[in-house]
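Structure record follows, encoded as structure tokens.
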Amino acid sequence: MDLKKTVNLLDTPFPMRGDLARREPGWLAQWQAQQRYQKLRKIAAGRPKFILHDGPPYANGDIHIGHAVNKILKDIIVRSKTQAGFDAPYVPGWDCHGLPIEHQIEKLVKGDKKAIEAAPSIHARITEYRKANGLDAKATDLPASFIRELCREYAGLQVERQKKDFIRLGVLGEWDNPYRTMSFRSEADEIRALGKLYQQGYLFKGLKPVYWCFDCGSALAEAEVEYQDKTSPTIDVAFASAEPEKLAAAFGLSALPAGKTASAVIWTTTPWTIPANQALNVHPDFDYGLYDTEKGLLILAADLAKGALERFGLTGVEVARCKGQALDRLTFRHPFYDRVSPVYVGDYVTLDAGTGIVHSAPAYGLEDFDSCRKNGMPNDAILNPVTSDGTYVDSLPFFGGLHIWKANPLIVEKLAEVGALMHTSPLSHSYPHCWRHKTPVVYRATTQWFVGMDREVAGSTLRQRALKGVDDTAFFPAWGQARLHAMIANRPDWCVSRQRNWGVPIPFFLDKQTGEPHPRTPELLEAVARKVEEQGINAWFELDPAELLGEDAARFDKMKDTLDVWFDSGTTHFHVLRGTHAEQLAYPADLYLEGSDQHRGWFHSSLLTGCALDGRAPYNQLLTHGFVVDGQGRKMSKSVGNVIAPQKINDSLGADILRLWVASTDYSGELAISDTILKGTTDSYRRLRNTIRFLLANLSDFNPATDALPVSELTELDRYALVLAQRLHAGVAEDCYPRYAFHTAMQAIVGYCTDDLGAFWLDIIKDRLYTTKADSKARRSAQTALWHVTRSLLSLLAPVLCFTADEAWQALTGEAEDSPVYHTWHELPVVADAEALAARWDVLRALRAQINKDIETLREAGAVGSSLQAEVDIEADAGLYPLLNALGDELKFVLIVSRVGVVPGPETRIRVSASGEQKCERCWHYHPTVGENAEAPTLCARCYDNIFGQGESRSYA
């Protein structure tokens, strides 16, 4: 007899090896052919909506691992919400305007080789244009309108390039119709949003210091500034008193000591601002001392005087002391220009470093500007000698025409020459840099357009509305709320104007006399918006003002400024959710999800525009994830050589491995990735796949429509397996997924597969699956539970392992185009006595774990090989005996041993020994009935009955 044919050893088309990198592209092609996203929209139509609004990545360059993390997290949420019973459309988007694209076009125009290799079609257009217009082959002075056309084309190419990589990750979405901030409709609606802000009174023009990048030649948003270490020259500079008598009186003296000059000493890290000094600041409540030194009388904050004098190499005796308030309005002479600087008191002066006296250049510092304006300095009196490219105006004495960074050492020399330099030394400190050019930026006063944070509109300010918006938003993780709250509470007015070409215009006509917008501005903005909606932003830049203004055109200038790109993305709730994609989406969004840097970026700008336009945040929830670092916690860097590209992972391991890594990592902090970490992820995947393969193989001859048993007819163990599956479902589908705790979900799923399934239930039921009659109730009981467990497990895994879950689902259902994402979470059958059942079997599992340890001791001693070679005798106490006795002979199947004896006793004792019986060739149990039947001398009686007789029945295991 061929015993192998009597055992139910089944196979499955679901292979052991995933071979994901090779097979995933084929599955993606099938999804596209099946129009999976569109089909899903039809299936989910009419359900409650869940809107995850995509924060647009910038359309420039290949996606990196951070992009992959972001898109995968979004996809997991969209899929899990869909399976939870929501209509969760996902419309991806791109941020398309702005300086990086302009710079790429500038490089192409100048013939940069790398830029040409990256965008040969754009280079070809430039070449054709030069030929067609009779220009020199290297001509760089091309019309702005043509440059904008090239920017639009370049952005379109980048969108397609990134889209391909995002789709490769398995992300389901409206890829055929994404939103792009450069679509004509979006550009027009941005102008309409601007018009609403203008009408409400939030928008104003003003002179203010704003972040300025000399390389960009433009103002920057706070989100476009990053901090890096920079070494600056620190200087202590003496400003001589212009009013000695008043100074003496301030210190309570009748006169200054005879023959002594007095100076206030300031400390700064920006020597280049000294030519623009217009005031000194002291704190009204600090003590200031007048110190007699070898270099005359010096005014210093009393708490900093000792350190300052040591720094200067001087000794000093305190002559007098006064509060800072007493020095208010006294004047001091500029070190090398013939003018005086008044003292203004200010609460922002600190004793953290320096001298306690701050030099004030109102054109180059926010606090300096506010202090001087508060004390009556008019805008036209503010000195602003630094031009947009970082050079001083030619008319500035001593330093005209020099770049400020080159002028720094020369200014220090000049101060030394005139005897005003008390000390200088280098200081390494954190300093703002342009995020694009990585070069230092400055504050520079320019006339710009601002959204006012503290202008009262309809009874409240934008700051108040935004702070309430933060309070009304749920944050994941929770610490994000305090962070965004602090940013809003302390931020200045929002500078929304930029001096660039490739951006949505601020289409104002300004009166040549007053500089004020045309009285019909709201009406004109709508007229411009309609033109832009038809022709794009070039419609404004090429517009003849007379077309809209008629004879008035001569009295007005057409603005050339463009909007901050953060206004582009910050108004997507207006021009996407309620604009280009209003039919698919809804407002407000349920969730915005981006990296933690977006508290000062997209979350921030969206909050401000939402609260200005609608009085509320445009989102109900905010989720932030950390940045990706290497295995040692270092930032990804080409120079360090630790960059791991998502494309490489997809091509070598498969996107499901990348998705599993993302889902298994706590994204609330930094996400570490390395080859070693990915190997661990691959091992976890392999264990999951092997579990799925076992489940599918043992269901390959099971038809749930004809073979499934009612829950009440299942064995106790199989009902317990359903309880365990229900526990997992409750933890994952009803808790982890709704609160976006994916790493906790994956820990639970992997733990379930390892402990509840592999090490327990599946281990026990193998005997029943393999050795009982194929259509026996005992086997069908196991298969009924297996079917529910498999559907539930695949359903829970599907948001993460979208490719693998699909492959397994189709193997389970036999339907080539089916997918878990088309179905809501699998509804597990109710187990009537679940609580009591679970309590009993939890006790049995604990007992089994103890007995396994004892068997392992025997195995290590060489007494037994497998656990089936062991016999167990249990003396059970009064609490345990009824439970074990009820199982009778089936207890041996639970313990996977050949015999179990149970007797009552005062306390529980366990004895494990090697069996002395013969081994059944078919079931591998050691049993005294082996050899009893001459027809099958190698079989036990149980196996003989399962082959030739009625077959065994099971109630418990």
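The backbone N, Cα and C atoms fix where each Cβ goes, glycine too.
Feature annotations, courtesy of Swiss-Prot:
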type	residues	note
BINDING	E594	L-isoleucyl-5'-AMP binding site
BINDING	K638	ATP binding site
BINDING	C920, C923, C940, C943	Zn(2+) binding site
MOTIF	57-67	motif ''HIGH' region'
MOTIF	635-639	motif ''KMSKS' region'
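Overlay of Swiss-Prot feature records on the structure.
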residue: E594; record: L-isoleucyl-5'-AMP binding site; CB count, 10 Å: 21
residue: K638; record: ATP binding site; CB count, 10 Å: 7
residue: C920; record: Zn(2+) binding site; CB count, 10 Å: 25
residue: C923; record: Zn(2+) binding site; CB count, 10 Å: 22
residue: C940; record: Zn(2+) binding site; CB count, 10 Å: 28
residue: C943; record: Zn(2+) binding site; CB count, 10 Å: 27
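Long-range contacts of the motif ''HIGH' region' (57-67) within the same chain, counting only residues at least 6 positions beyond its ends with a Cβ under 8 Å from a Cβ of the stretch, are 94-96, 98, 100-101, 104, 155-156, 158-159, 161-162, 165-166, 180, 595, 627-628, 636, 643-647, 673. Highlighted in sequence order, T771, E921, R922, W924, H925, H927, V930, L939, A941, R942, Y944 have their Cβ within 8 Å of the centre of the Cβ atoms of C920, C923, C940, C943, the residues recorded for Zn(2+), and are not part of that set. Separating the Cα atoms of the residue listed as 'ATP binding site' and C943 (Zn(2+) binding site) is a whole-number distance of 65 Å.
When the C-alpha distances from E594 (L-isoleucyl-5'-AMP binding site) to the binding-site residues C920, C923, C940, C943 are tabulated, the minimum falls on C923. DSSP assigns C943 (Zn(2+) binding site) to a helical segment in the three-state reduction. DSSP classifies E594 (L-isoleucyl-5'-AMP binding site) as strand under the three-state reduction. DSSP gives C920 (Zn(2+) binding site) a coil state; it is part of no helix or strand.
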